Every structure is written in structure tokens, then in C-alpha cells.
Amino acid sequence: MAAHKEDSKKLKRKQSPATKPGRDGSSTKKPKLGSSKVDDNKGKKPFKPVKKHGKSSHGEDSKQTKEPLSKRDRRIEAKELAEARKMKRKRHYSLEQELAKLWEKMRKRNIAKEDRSKLISEAIQKMKGKIPEIATSHVSSRVLQTCVKYCSQTERDVVFSELRPHFLNFACNPYAVHLVKKMLDSASKRQLGDFVSSLRGQVASLVRHMVGSVVVEHAYQAGNGTQRQELLLELYSTELQLFKDLSLIKESRLVDVIAKLNLQINSVLRHMTSVIQPILEKGIVDHSIIHRVLMEYLSIADKFSAADVLEQLSGPLLVRMIHTKDGSRIGTLCVKHGSAKERKKIVKGMKSHILKIAYDQYGSLVLACICSTVDDTKLLMKIVIRELQTSLKDLVLDKNGRRPILQLLHPNCSRYFSPDEMASLNLSIPSLSAKMPLALLCCQVAAESISKAEENPETNEEPGDEENDVKEDSMAEGDETEDLVEGGKKDPLTRRQELLVESGLAESIIDVCTENVEELLRSNFGKEVLYEVATGGSEGILFPSLGEKLNTLHEAIASVAAEPKSEEPGKEHVFENFHSSRTIRKLILDSPGFAAVLWKRALNGKCSLWAQGHSSKVIHAFLDSTDDKVRELAKKELQPLIKDGVLKISEHKEVTKKCKLSAE
């Protein structure tokens with residue numbers, strides 16, 4: 001019985017209190033307590049609140065939240081949120097806002113100097129002690145640049161003293177770098193020396209940085225010879241980077257530095273390769289300090305290293321380098337020592353940049369080298385010649401633009417290229433040329449012997465053996481480099497014929513000269529192109545196919561010279577002008593055909609008018625000509641003028657004339 005009672009209690013616990021079994025065995029829900037109240041209120045009406053007149057505040061708020069904001073309100077709200085975020089993120093945000101307002105006033109062009117100096121003093125006073133913290137800001141760096149540009153030297157010294165410990169950090173910042181450049185532009189000699197000293201040990205890493213390289217280049221351009229050498233030597237060797245005393249040498253060429261300090265050429269090459277390779281991969285090739293390092297590297301590099309560098313540079317990268325002296329030399333080396341495929345890449349990389357390159361002082365030398373080296377004349381016609389023909393007159397009258405044309409008309413002429421420019425055109429890489437300098441050969445032989453000794457210490461040779469084997473190595477080197485060809489394989493005259501005559505360039509140049517004869521005669525630079533064209537170019541390249549055109553040009557020059565002498569004070573005749581008189585004189589001496597045309601059209605019976613001044617040089621040219629027919633033309637008319645003393649001859653010319661007469 002007791003067990004039965006316990007089981008029944010358990011069953012009652014398991015059952016839900018809300019359900020009880022019905023009579024039919026089904027469970028029924030227990031009624032809720034609140035249900036009785038509902039039953040009591042069945043007969044009553046539901047409560048309805050009394051409506052009051054007017055709108056409730058709750059209704060207004062709900063309508064306001066539901067209404068969308070206008071564009072103007074959204075902009076204002078976004079601006080406020082941005083301002084709040086900047087206030088939290090930037091420590092000196094309020095100061096930057098004040099400086100920006102001052103900057104808007106001080107940077108105006110029409111502001112008085114006194115007012116600007118007051119604004120700058122106020123700005124520097126507010127920034128004092130906080131300059132390193134705000135210099136990396138986009139706004140504050142601009143304010144500081146303006147302050148440094150227009151402030152006094154005392155204020156500039158204050159800014160420099162605060163920035164000095166942080167130069168290396170600022171050199172790699174995209175905003176602060178402009179402030180550093182401005183500081184270098186206006187720095188004193190002492191400040192510039194301090195800045196270069198602060199870069200010690202970090203030049204190699206900065207040169208490989210896209211932003212930091214700009215600062216190194218700026219310091220390199222602003223510094224003197226000693227400071228430039230100090231920056232360069234760090235890129236040559238780790239020893240020169242670590243020990244300051246070693247960098248105090250007078251030698252500037254890397255070959256001389258290696259010989260002076262007894263450096264190992266292998267370690268120098270390894271260090272320079274580690275510096276140069278990332279620079280070429282990133283394309284940081286715009287700076288002159290990098291061009292100088294590349295030139296020094298090519299002067300000591302072995303054949304494979306030099307060829308690898310030339311291969312990487314051959315293409316669009318080279319166009320960004322040829323605006324400097326060393327960059328143009330690298331360009332000529334790439335053209336001379338590159339393969340046909342690499343030369344094709346170089347020319348294609350210059351497409352649409354030919355005119356800009358031609359007008360550049362150093363780029364025009366590379367273009368001249370291309371015109372006298374590349375064998376693919378069809379490619380040159382499509383890219384180089386076609387672009388040159390679009391602006392021939394301007395090129396002829398320009399100091400640099402005329403160089404590619406003169407190189408085709410008269411290659412490697414010392415009258416048109418300075419000795420330094422001629423040296424640039426004749427440069428070659430020692431390891432890739434047939435003849436290697438003995439000093440470099442000794443360095444390379446010593447380096448190879450050291451590397452062999454390190455690999456095989458058991459088979460070390462005596463030190464004297466290296467020097468004794470230099471001669472044999474040079475002979476072997478000569479045997480290996482016999483197949484190397486500097487420049488193109490095509491005959492130079494054939495190349496010139498194709499580029500000048502067959503392309504139509506020569507005909508266009510003659511037309512330009514004929515249409516602008518007087519302007520070219522009076523021009524300091526155009527007269528030389530006119531002279532080369534009128535004489536038919538070197539080796540008479542223009543005469544066989546363009547003889548009639550040249551006769552037309554001679555007639556045009558003679559017609560200008562045949563014009564009557566002007567009595568106006570400001571207008572000179574071509575015989576009286578300094579440039580044109582000397583050009584016509586040279587044409588008389590070198591072109592008998594032109595001399596005959598000029599005598600008939602302009603001088604026959606009129607020599608007495610031109611016997612004085614600059615024009616007398618034109619008259620003397622007929623007597624100095626080596627052609628007998630030209631001398632006979634003017635002899636009858638000029639002898640009376642010489643006897644009467646109207647036409648004077650110098651003592652030296654009189655002696656030579658007497659010698660000629662006695663010889664006859």
C-alpha cells in the first residue's frame with residue numbers, strides 16, 4: 001500500500017499544474033486567474049481617451065524622425081562627424097586650423113612684405129616647440145614651407161634646430177619631404193654640411209626609397225664637390241660607409257679609389273650590386289646621383305654584370321635618364337653595346353618623346369648616337385624621322401634640336417660638338433670593348449685570383465704570379481672580345497643615305513632652308529644647318545639625287561644677297577651681318593657652284609660697295625678660294641680695289657699670296 005501511494009504522488013508531480021485529466025481521460029487546461037475579470041467586464045464599454053485640441057508632442061517627434069534629411073543637412077552632419085573624429089585623432093588639430101587661416105593670408109602674391117613677415121612671425125611663434133609633431137601633416141607642412149621661404153635667417157635657424165634630430169624620419173614622409181627640400185634650398189653652408197653629415201650611414205637605404213631618394217638627390221645637387229663625394233662613396237663600399245676617415249680622399253673616379261685604398265673589387269661589386277638592383281627593380285632612375293653610380297659601376301663591372309644592367313635599362317627606363325650628363329652617357333653606352341633587340345626596345349621607348357629629347361641638351365646627344373648606330377633604318381624612319389619632320393624649322397633654329405640633323409649631314413664634326421660631347425659619343429664600357437684599360441684589367445685579374453684562392457686554399461699562387469700573368473690574360477681577353485662590335489654593322493654611308501635621302505628628310509630640310517633663307521643666315525644656330533645643306537653634306541651625300549633642289553637653294557641665297565643696301569639704321573644687309581657674312585664666306589670657299597651664282601647675281605660690278613666692314617670678308621673669299629675659276633671671276637674687278645687701298649689685305653695673306661705667285 002505504501003508503495004502504491006508513493007507512485008501516485010510521483011505521477012501527480014509529473015503532471016503539469018495547468019492541466020488535469022478530464023472525465024473522459026483527456027487533459028483540460030486550468031483557467032487563468034485573470035480570466036474571471038474578463039467575464040465580469042463583458043457588459044461594460046471599452047475605455048476611450050478624450051481627444052484634446054491641438055497636436056501632441058509625441059506625434060511631432062515621431063513625424064520628425066520619420067522625415068528624411070535633405071542633402072545639405074546630410075553634408076553638414078557628415079562634416080561635423082568628420083571634424084569630431086579629427087579632433088580625437090589629431091592632437092594639434094585646432095592649431096592646424098589656425099595656421100591654415102594664417103597661411104591663406106601669407107601666401108598671397110599682392111601682400112606687403114611687412115604684413116607677410118608679421119603673419120610668418122605669428123605662425124612660427126604658435127608652432128614653436130611643436131614643429132616636429134606637425135611637420136608630417138598635409139596642411140602644416142605647407143605652412144612651414146611658406147614660412148621657411150619668406151622668414152628671416154634667425155627664424156629659419158629656429159626651425160632648422162627643431163627639425164635637425166628628425167631629418168631622417170622626415171626624408172621618407174610624403175608631406176615632410178617637401179619641407180626638407182625647402183630647408184635645403186635656403187640652408188646656409190654650415191646647415192647644409194650638418195644635413196649631409198646626418199645622412200651618414202643611411203644614404204644607401206634612402207636611395208632605394210621612393211621618397212627618400214628625392215632628398216638625397218636634392219642634397220647632392222645643393223652640395224659642393226666634397227659633400228657630393230661623401231654621398232657617393234657610401235654607395236661604393238661598406239668600408240667607406242663605416243669609416244669616415246677613408247672617405248676623405250681626393251680621388252673621384254672609382255677605379256682610382258680602389259687603387260688608392262687597396263679595396264677588393266669583388267666586395268665593391270657585391271655592395272654596389274646590392275644597392276643598384278633594387279633601384280632598377282623599383283624604377284628609381286630619375287636622379288643624377290644614381291646615374292653617376294651606374295657610370296662608375298659600369299667602369300669596373302665584368303662582362304656579364306655590365307650586360308645585365310644594360311639589358312634592364314634598355315627600354316622606357318632609359319628615356320627618364322637621358323636628361324643629365326651621366327644619364328646621356330649611359331644612354332649612348334646602351335645604344336652602342338646593346339643587341340639589336342635591345343636597341344629596338346630603346347627606340348620604341350622613345351616613341352612620342354622624340355621632339356622633347358631632341359630639344360634637351362643631353363638627350364640630343366643620345367638621339368645623334370642612335371642615328372649613327374642603329375641599323376634598323378625602317379624603324380628609325382617610322383619613329384624618329386617622322387617625328388622630326390613635324391617640326392623641322394624649330395629644330396634647325398634650336399641649339400640642341402639641330403644636333404641629330406647635323407649628325408646625319410656631317411657625322412662627328414668637332415665644329416658642332418664640344419670636346420666633352422665628342423668624348424661622350426666615343427665612350428665605351430671597358431669589359432665589353434675590345435681594348436680594356438690595363439689598370440682595370442689588373443684589378444679584375446687580382447680579384448679573380450683572390451676568389452680562386454678563397455675557393456682552393458691549397459693551390460694558392462705567389463703574389464708576384466698575378467702581375468706576371470696580366471699580359472697573358474690581356475691576350476686571352478683580346479681573343480675573347482674580337483667578336484664584340486661597338487655600334488652597328490651597316491656601312492655608315494648606306495645608313496645615312498637611307499635615313500637622309502630615302503626617307504625624304506633631306507628634301508624637307510632643303511625646302512625649309514629655301515623658304516627661310518634670310519632667317520637662317522642671320523641665326524647663330526640655323527646658319528650651320530644651312531651651310532651643311534648648301535654644300536651637299538659630308539661626302540656630297542645630297543648631290544646625286546637632290547642636285548636641282550640644291551641649285552634652287554643657291555639661287556635663293558644669292559637673291560637675298562642681291563637685295564640693295566638698306567639705308568635704315570636698324571636693318572642690316574646679309575653681307576653686313578656678323579653671322580650671315582661669315583656663312584656666305586664659308587660657302588664661297590667650299591662650294592664653287594654657289595660662288596659662281598652669287599657673283600653673277602649679287603657682286604658683279606658692285607664690289608666697291610662691300611669693300612669695308614663685315615662685307616669685306618665676303619669679297620676676300622673670292623681671292624682665297626682654292627678653285628681657279630672662282631678666283632678668275634673676281635680677279636679683274638678686285639685688283640684695282642686692292643691697288644687703290646679700298647680693299648685691304650692682312651699681312652699674313654699678302655705673304656701667302658706672294659708665295660703663290662712666285663710658285664706659279
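Cβ atoms here come from the backbone N, Cα and C positions, even for glycine.
TrEMBL has this to say about the protein:
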REGION    1-76  region 'Disordered'
COMPBIAS  44-56  compositional bias 'Basic residues'
COMPBIAS  57-76  compositional bias 'Basic and acidic residues'
DOMAIN    98-454  domain 'PUM-HD'
REPEAT    126-161  repeat 'Pumilio'
REPEAT    162-197  repeat 'Pumilio'
REPEAT    198-234  repeat 'Pumilio'
REGION    452-491  region 'Disordered'
COMPBIAS  456-485  compositional bias 'Acidic residues'
- prompt: In terms of Cβ proximity under 8 Å, which residues at least six beyond the ends of the repeat 'Pumilio' (126-161) contact it?
  reply: 90-92, 95-96, 98-100, 102-103, 106-107, 116-117, 120, 170, 173, 175-176, 178-179, 182-183, 186-188, 191
Statement: Taking DSSP helix as H, G and I and strand as E and B, the repeat 'Pumilio' (162-197) has 29 helix, 0 strand, 7 coil
Message: Can you tell me which parts of the same chain pack against the repeat 'Pumilio' (162-197), counting only residues 6+ beyond its ends and a CB-CB cutoff under 8 A?
response: 128-129, 131-132, 135-138, 141-142, 144-145, 148-149, 153, 156, 206, 209, 211-212, 214-216, 218-219, 222-223, 227, 230-231
Query: Can you count helix, strand and coil residues in the repeat 'Pumilio' (126-161) using DSSP?
result: 28 helix, 0 strand, 8 coil
Message: For a three-state summary based on DSSP, what are the helix, strand and coil counts in the repeat 'Pumilio' (198-234)?
response: 26 helix, 0 strand, 11 coil
